[in-house]
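Below: the structure, in structure tokens.
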Amino acid sequence: MTKRVVNYNNQLNNPYKSVKSASSACQKMTNIYNEITQSKVENQKLLAILLDPDKIVLENLSILISKINQSPATHIFIGGSQVTTNILDELIVQIKQNCKLPIILFPGNPSQISDKADAILFLSLISGRNPDFLIEHQVKAAPILKKTQLEIISTGYILIESGNETAVERVSKTKPLDRNNLDLALATAQAGEMLGNKLIYLEAGSGAKQAVPLEMIRKISHNIEIPILVGGGIVDLQGIENAYNAGADLVVVGTAFENNNNFFKV
């Protein structure tokens, strides 16, 4: 992967001024995790656009891809809590034909696995105590993943209270961590790191009213070594910049981009 500077009309305080980009279209990506960790070392901030297959119409995909190509995104995440569509493979193939960015699966269950992608966040919902999302889904997914060439990135997934019940809460039947309990959030992230997770993902949830508290991001980033992903409740460019400044290594934008494909246009 090569490094570039993203410049949107020379905007002041551009939160993407040190973002890395992918290098070649339709090329099977390798060592995505190494790229993420190297970006952390170099303080190169990363940005993922999260696409929910249930909300995508293939006939309109070319317009969506065009908007992604014009954005400062460095990765595409695909998945959701309740994906029911059977177009996952076709969706990924079409994106890869017209987009250079690595595609990483963000699965809610083992049925959301596609070998057409480049990597998968192998999630464990460590903020909850539902065994299905701590280990059961992972056990079911393991034989499937062994037959693919996907880069598997173990990720400690931490759901943070956001002011409303999110799809992740409903599907996982777990409660998020109290957004004011910074010590518990830190201990959970540290436990995930000690268990061998390669990433920590702080998630407010799709359509969250409130993003992950900046104080929480800051506290965790100062006390763990692995990269931190932050998503949910980020509704504008300032929210992305705030998360970066607090210590997020990669920010995920989903609902805001779904609702406005010109989200990144200045």
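From the backbone N, Cα and C atoms, a Cβ is placed for every residue, glycine too.
Annotated features in TrEMBL:
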{"type": "BINDING", "residues": "Asp52, Ser81", "note": "Mg(2+) binding site"}
{"type": "BINDING", "residues": "Tyr201, Leu202, Glu203, Ala204, Gly205, Ser206, Gly207, Gly232, Gly233, Gly254, Thr255", "note": "sn-glycerol 1-phosphate binding site"}
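Across the fold, the C-alpha of Glu203 (sn-glycerol 1-phosphate binding site) and the C-alpha of Asp52 (Mg(2+) binding site) stand 16 Å from each other.
Thr255 (sn-glycerol 1-phosphate binding site) falls within a helical segment according to DSSP. Annotation for Gly233 (sn-glycerol 1-phosphate binding site): spatial neighbours Ser162, Ala204, Gly205, Ala208, Lys209, Gln210, Ala211, Val212, Gly239, criterion Cβ-Cβ under 8 Å with sequence separation of six or more. Take the binding-site residues Gly205, Gly207: by the count of other Cβ atoms within 10 Å of each Cβ, the lowest one is Gly207. You'll find the Cα of Tyr201 (sn-glycerol 1-phosphate binding site) roughly 15 Å from the Cα of Ser81 (Mg(2+) binding site). Of all residue pairs in Tyr201, Leu202, Glu203, Ala204, Gly205, Ser206, Gly207, Gly232, Gly233, Gly254, Thr255, the annotated binders of sn-glycerol 1-phosphate, the farthest apart have Cα atoms separated by 17 Å. Cβ neighbours within 10 Å of Thr255 (sn-glycerol 1-phosphate binding site), excluding its own Cβ and spanning all shown chains: 20. Neighbour density at the Cβ, taken as the number of other Cβ atoms within 10 Å, is lowest among the binding-site residues Asp52, Glu203 for Asp52.
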